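What TrEMBL lists as signal peptide is 1-29. The domain 'Out at first protein BRICHOS-like' annotation in TrEMBL covers 30-178. The domain 'Out at first C-terminal' feature in TrEMBL is assigned to 202-270.
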């Protein structure tokens, strides 16, 4: 056993400490990781794990100043993206605009909460870069979610989406999955689409700031632990076994399309 354990320091600087588990049946932990943004800037990403509630969250301020939060609720199979976008005061917007996008959380998209709670860094000053870049996901968010009833879908919606009460969106295909699990369908409202309103344009093509249109918003999760790594060890009798010894990191981008009642709520989506 001792031979393989001595090789642990050669693993990536961010480790899953199987040898030093956190106390108690459930654990909460926070990890701050320095990541490099597409423009070359270095930002700090905050990762939180709560194995008792079986959820994780990460938060990152993007290069344009937007604060992006991803919450993964493993128990309810729900993933919540929240963006706090700086408003354009000179164009009549409020100080910031909040959006929430809710999708189904698939297993193996991200490491389990109990594993996340045990992550530690050898060198916190290291600037991380994802080992794997996963493909851009383009999602049509064609359903609105009623904030006051959202706790039935995930208890985290009440806190995460509090600033975005009138701007919480999901997809019809994900709604079907949740309805089959017994979620109350009255919290969902199908939004107008181009097939319903022939004159409905994409916001970037719409000249009138007060007309409804289809807005597009993009965000990036620059670094997150997407898979566990396993190492092998051999006992005195020659039997080989595996143990968790690290993580694989990923980067992924998302683009969300959704209906807005006026282009004034989507001023970032314009032709350049």
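Glycine residues also receive a Cβ, built from the backbone N, Cα and C atoms like all the rest.
In the domain 'Out at first C-terminal' (202-270), helix, strand and coil residues by DSSP number 6 helix, 44 strand, 19 coil. A mean pLDDT of 90 is what the model gives for the domain 'Out at first C-terminal' (202-270).
Per DSSP, the domain 'Out at first protein BRICHOS-like' (30-178) is made up of 27 helix, 69 strand, 53 coil.
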